[in-house]
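**Q** Annotations per TrEMBL:
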- 2-236: domain 'Aspartate/glutamate/uridylate kinase' (DOMAIN)
- Lys7, Phe8, Gly9, Gly10, Thr179, Asp180, Lys215, Val216: ATP binding site (BINDING)
- Thr52, Glu80: substrate binding site (BINDING)
- 291-329: domain 'Aspartokinase ACT' (DOMAIN)
- 339-401: domain 'CASTOR ACT' (DOMAIN)
Amino acid sequence: MKILVQKFGGTSVATGEQRKLVVGKISSALQEGYKVAVVVSAMGRMGAAYATDTLKGLVGDENDLEISKKDMDLLMACGEIISGVVMVSELKANGIDATCLTGGQAGIITDDRFSDARIIRVKPAEILREFDDDKVVIVAGFQGVTKDGRITTLGRGGSDTTASALGVALNAERVDIYTDVDGVKTADPKIVDNAKTLEKVTYNEICQLAHEGAKVIHPRAVEIAMQGNIPLRILSTFSDAEGTWVTNGGSKGNLVTDIKNDRTITGITQKPNVCQFIIDNPTKDQQLSLQVFQSLAQEQISLDFITISETKIIFTVKESDQNKAVYILKGFGLDVSINAKCAKVAAVGAGMTGVPGVMAQIVEALTEKGVRILQTADSYTSIWCLVPQDDMKKAVRALHEKFQLG
């Protein structure tokens, strides 16, 4: 059985005209001989009647909620179910037999971390039964059930995660992630006019790009696909462009996707709204960093760009966590300097591993454009620079130009 999983985001299913395009993509897959499982997000984005954020707003400000996360998940799961039933109606109106399943009915079993659950098992028997009846199976994304049948939602990027998990469980030939852009770009096209669509990237590269600000797919979805060796394709609902293939190279069935590693840098990403903390530790107290990090972790404050020396502790937090972090650090009586309004700019590429001089090229490019580098960090596939937020776009353009990605 040749199986394809397709995922359509909120903008792809928002209106009747857009849903007709979705029907066309599904119809094409059927004509190619695939059994098709389709994962859908809630229709539209914030402000649209059935978007997830709109449904959430029905019960007030999330910071003032008395409703539990368990009860909230019952509400949050509705948008995708509505979207799924509407898509079944569209397909049947076009002569395509289809049925809709909730995440739980599709066999998606999760832990009990309500509002941010993790998939622990997928039992796709019901999907396979519907395939035997020659039906397209529409699955409500972003949701599953616990072992005892309670509805959960999967957090940010949950529909991407649903699609990848189903792709692995069904041993699909690939998972197609349809968005409103025609693939993974070398940079944000809103910042870099000549950003190109990448033809192929590795799982590790797209994970890094997604973690560092590229919004085409959620990193968790990539990790699941990578573990199951299921190729991903990221493409647009609104064009016939081939999109971007995501694999480790090699082949699966009749699908061959070789990855060339002759490029040093694959793409440039950015994350605004970051705040840098610099803490003096003149007494060289070895326990201070541990105490600081434990206190911040207890308040669910995530740290980045961590540097520890004998006399200083440096890290960044999201701007939204700045005031909370300041309050915690005041309790230690520490001398703290803060650089607010910073941004994280990253150069990502599997080809940089073992290549000397990449950091030098990055520093040169930013210095030539007058961009101040506040801090750097690196891994085997990424180099990160912390810069003033006012210089973020200039930094992205400088690096894109330096590595000739356009």
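Quick reminder: no glycine exception, Cβ is built from N, Cα and C everywhere.
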**Q** Taking every protein chain in this structure into account, which of the binding-site residues Glu80, Asp180 has the most other Cβ atoms within 10 Å of its Cβ?
**A** Glu80
**Q** State the non-local partners of the domain 'Aspartokinase ACT' (291-329) in its own chain: residues 6+ outside its ends, Cβ under 8 Å from one of its Cβ atoms.
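**A** Residues packing against the domain 'Aspartokinase ACT' (291-329) from afar: 273-282, 284, 336, 338, 340-342, 344, 375, 377, 384, 386.
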**Q** I want to check the contact list for Gly10 (ATP binding site): same chain, sequence separation of six or more, C-beta distance under 8 angstroms. What comes out?
**A** Ser41, Ala42, Met43, Gly44, Arg45, Ala48, Ala51
**Q** Measuring Cα to Cα, how many Å separate Lys215 (ATP binding site) from Thr52 (substrate binding site)?
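**A** With the alpha carbons as reference points, the distance is 18 Å.
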**Q** How big is the Cα-to-Cα gap, in Å, between Asp180 (ATP binding site) and Glu80 (substrate binding site)?
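**A** About 18 Å separates the two Cα atoms.
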**Q** Return the count of C-beta atoms lying within 10 angstroms of the C-beta of Thr179 (ATP binding site), excluding that atom itself.
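**A** Summing over all protein chains shown, Thr179 (ATP binding site) has 23 other Cβ atoms within 10 Å.
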**Q** Name, in the order they occur in the sequence, the residues of the same chain whose CB lies under 8 A from the CB of Lys7 (ATP binding site) and which sit 6 or more residues away.
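**A** Residues satisfying the criterion: Val38, Val39, Val40, Ser41, Gly141, Ser159, Asp160, Thr162, Ala163, Val175, Asp176, Ile177, Tyr178.
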**Q** When DSSP states are grouped into helix, strand and coil, how many residues of the domain 'Aspartokinase ACT' (291-329) land in each?
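**A** So the domain 'Aspartokinase ACT' (291-329) is made up of 19 helix, 12 strand, 8 coil.
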**Q** CB neighbours of Lys215 (ATP binding site) within 10 A?
**A** 12
**Q** Pop the Cα-Cα gap between Thr52 (substrate binding site) and Thr179 (ATP binding site) into the table, whole Å please.
**A** 17
**Q** What whole-number value in Å do you get for the largest C-alpha pair distance within Lys7, Phe8, Gly9, Gly10, Thr179, Asp180, Lys215, Val216, the residues recorded as binding ATP?
**A** 15
**Q** Take the mean position of the Cβ atoms of Lys7, Phe8, Gly9, Gly10, Thr179, Asp180, Lys215, Val216, the recorded ATP site. Which other residues of that chain put their Cβ within 8 Å of it?
**A** Thr11, Ser12, Ser41, Ile177, Tyr178, Thr237
**Q** Would you identify the secondary structure of Asp180 (ATP binding site) according to DSSP, in three states?
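**A** Reduced to three states, the DSSP call for Asp180 (ATP binding site) is coil.
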**Q** Could you tally the C-beta atoms, other than its own, that fall within 10 angstroms of the C-beta of Gly9 (ATP binding site)?
**A** 21
